[in-house]
Amino acid sequence: MSYGAWIMLTGSLVGVTCGIVGCFLILRKMAMLADAISHTVLLGIVLAYLVSHSLEGIYMLVGAGIIGLLTAFLVQVLHTSGVQSDAAIGVVFTSLFAFGVILLSAFAGKVHLDVNHALMGEITFIPWNTLTIGGMNLGPSAVWMLGSVLLINLILIFLFYKEIKISSFDPAMASAIGIPVMFIHYLLMSMVSITTVASFDSVGAILVVAMLIVPGATAYLLTDKLIVMLVISAAIGVIAAIGGYYAALIWNISISGSMASIAGLIFAVTFILSPKHGLMAKLIARRSIVAEQS
Amino acid sequence: MWNELLLTLQDANTQWVLFGSILLGVASGVLGSFALLRKQSLIGDAMAHAALPGICLAFLLYGTKSIGWFLVGAALSGLLATYFIQAIINHSRIKEDTAIGLVLSVFFGFGIVLLTKIAQSKNGNQSGLDDFIFGQAASLVGSDVKVISSVAIVLLIITFLLFKELKLFTFDRQFAKGIGLPTGFINALLMTLIVSAVVIGLQAVGVILMAAMLITPAIAARYWTDRLDRMVIVAGTIGALSGILGTILSSMASNLPTGPVIVLAATVIFIISLVFAPNRGLVSKGLKLYRLRKRVARETVLQTMYDLAEEASISNQSMLFTRDQLLTRRRMATRMLDKNLHRLSREGLLNQTDGKWGLTAPGAKAAYEVTFNNRLFEIYTMYEMRFAYLQLAANDAWEYYEIPSHTLNELMELMAVHEHTPQLDPAHFAKGEKYYIANLESNDSNKRKREVKSS
Amino acid sequence: MNPVKVSNVTVAYDRKPVLQEITFDMPEGKLIGVVGPNGAGKSTLIKAILGLIPTASGTVDIYGKPYKSQRKLVGYVPQRGSVDWDFPTNALDVVLMGRYGHIGWFRRPGKKDTAIALQALDKVGMKEYASRQISQLSGGQQQRVFLARALAQDATVYFMDEPFVGVDAATEKAIISLLNELKAQGKTVLVVHHDLQTVKEYFDWTLLLNKRKIALGPTEEVFTIDNLQKTYGGRLSFLDTQLDPSHVVQS
């Protein structure tokens, strides 16, 4: 495969993986918790490196998973001890992130992680960092990592689809019929954490948030069926990735930045033109009501 | 160490940075308090991220680094972002948290695009725009600090002058509108103030951590006071303190970035407040809860003894009860029950004979008092709305003898209606006589006379 | 055996009681209305029975066993406002959620479940709305979907939290006929209700609740001015204006 094709594949995998998980975050009103996790995962990566002295994907996934869950847990703890939820999220993520940045600077000589890279990602380097097993070149390791995380997410969503659905729609009913609502919550938070860390390398922390939230929010304006929302969201993720890549080629700009911008553009268009929930549709509906009345 | 500290502080550059961080801490602490109370903490986060494209555009248009123009660009794009967030919430089914996350990440993504564009231009390298992402307090120079300080001072003056209006607006927007305040204008003003605080902090702490400067000192201050005017002062002080600590610590060690250290300093102050603040802190709350639980446990045992005696006296049965009878009447942890049974017998309120427990004369009196008090409280909670004027809301401090006597009579009448009046008169009950009905006619709460009816 | 046996249930925040020593047996095959002032703990009672909130003391038995082992016997209709109706799903899908308790982990609703769900929708007169998105249903229709979901739970005891709030006349009628049908099938239904005018008409039994149990029994016996005064406090003027005397049992 060509260099560009690998980058587009990586970007699309990010789009699909984030797009699917993101839908659930939006429906559960947890978008900002995801934003928090995507920041604190930096601390997980640094700690994983300091413990294992390796930049292998598996250590990163474990470290990020643990810190991601810790973030969700700390927010929960602060919230139950009386801190309002938006402030709880704000305090936890900035503290853990600041701690991550300090560790990173303190061990700067030893860690081959650069903060800018972690934040903004460097998808252009992806195709060179390949996975070789037994002398065989198996393609970029990021693709393997993203692929595995996507697979894990899909399996988990497939297995727990109806439990995730009911505990998102009606948590009281869910726990009345015996579904462990807290378990489902932390399951989703783990999915967010590993998704973030897998996407981290290619798009960076902030743009993971864009890929998590924007496609899902767009899909939310286009459909009223959960399964369709997941598909549309994944598709928008891919379109944003490929569109972003070409836009970046044309104007010679950051690929990850342009992926987020294209995603934002798609959202803006949908927000105005969506047949069901768009601004225009609403205006037209309002006009016709007024017309009927007069 | 102190010498080292003095030496650091003599450094002109450090002095500038210190001065800037203090004023920044004060301004963001003060304005963060308003954002926090309006439950808009994360809007500050969105504004900070959204400032990036504004700064980049200002650079592209103006051509060189100019803190003044950066401020204008950042403020405009920050305000635009809050406008978008509001528009998305108002005109679609998308909820607030999604709207914030969406706008924040897209603006930031666009900012990164512009940043790469600038990096390629001729004068891009010395732009120092990267500093805005993580902040580079150490690189602040005198002219930057002058701009930061003057903006901070202007923000503080405006807040001081309009404090009354901002307070009312934050507390009750509808009411503020009702009495004729221009709420639309105040909202826009408050947003502008917050955006300006964010913008001046960007160079020092960066877009990602700026949210902490707004949120953390404010939430920490919330633990020390319930009043907005004091909260604003405390938050400002905590902000300044974090600024000082962060700047000094990071200047003394190499490789410590100032922004994150300031943020962690604020977090430490927050944790200290969360744990140790009087009244609202966890330790104080925990102690209160521990005392309350201890008291409730003791009262539960006494009241259960009384309930059982009351029931037994009607059916003319023994007034001595086993542990199991107590446990059946009211479920409680056995360990807690045993502990309290023994404590009460040490206090001389209970007697143990053949493994059965009975109330002594003082015990009967104490049990009666506890039962009377608690049953009266139950009646009160049933008709809370009716007695709302009493403002007896402090639930852990309910004592019947503190209630005005006519209200007490009213409550006692209701208690009689619900057949909830304690039936056993302690004075007689202790002498071995059994069934007495307390009388409600007397007025004096402390010396309720009782007409004795024998069973 | 009594379908539901509540013994000595107390719910409290620290010292403040929300429900105080509630003890009652629900008779089988009756429609039971729960009435009481705002904040009397009506919804809390249902939540405590279903184990959704912790109780300070007391036990609840459903047909002689704890709720946890009897979940399949119990149907629940939460307040309509407790969920986000913008959730992307349709009416049939929501009703199918009633089947989840029976299906178990890792399995999907099958043809049989869909048939049951459609039947439940039919019973509340919503069959033609099966594929309608829930955000496009009126308030009354949403309430009927919730009722259909409870029907699909195929339970023997039902708990309904304010099903009559804010519904249109057609829905009110549909709920009534549904309640009567459930009763005819020998099922037991506990309904939190706010409208004193209709209590006598709708319910066989009434539970008057205000933190404590004031009275429970056949409506013609317990729905008296005397008990209502006890429940609502001395707010007689309120009762006078709210309540046509003909709606109350004269004692």
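A Cβ is built for glycine as well, from the same backbone N, Cα and C atoms used for every other residue.
Where the annotation comes from TrEMBL, it is an automatic prediction and has not been curated.
What TrEMBL lists as transmembrane segment is B:16-37, B:42-61, B:67-89, B:101-120, B:140-163, B:175-198, B:204-224, B:231-249, B:261-283.
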Two-stretch contact, the transmembrane segment (B:175-198) and the transmembrane segment (B:231-249), at least three Cβ pairs under 8 Å: no
Other parts of the chain folded back onto the transmembrane segment (B:42-61), taken as Cβ under 8 Å at six or more residues beyond its ends: 32, 35, 69-70, 72-82, 85, 97, 100, 103-105, 107-108, 110-112, 114-115, 117-118, 127, 129, 132-133, 194-195, 198-199, 201-202, 207-208, 210-211, 214-215
Residue numbers, six or more beyond the limits of the transmembrane segment (B:16-37), whose CB comes under 8 Å of its CB atoms: 9, 43-44, 137-138, 140-142, 144-145, 148-149, 151-153, 155-156, 159, 166, 170-171, 190, 193-194, 197-198, 200-201, 204-205, 210, 213-219, 221-222, 228, 231-232, 235-244, 246-248, 251, 258, 262
Maximum Cβ pairs under 8 Å to the transmembrane segment (B:261-283) - stretch from the list B:101-120, B:140-163, B:204-224, B:231-249: B:204-224
Positions whose Cβ lies under 8 angstroms from the transmembrane segment (B:140-163), at least six residues beyond its ends: 13, 16-17, 19-20, 23-24, 26-27, 30-31, 67-68, 71, 186, 189, 193, 196-197, 199-200, 203-204, 229, 232
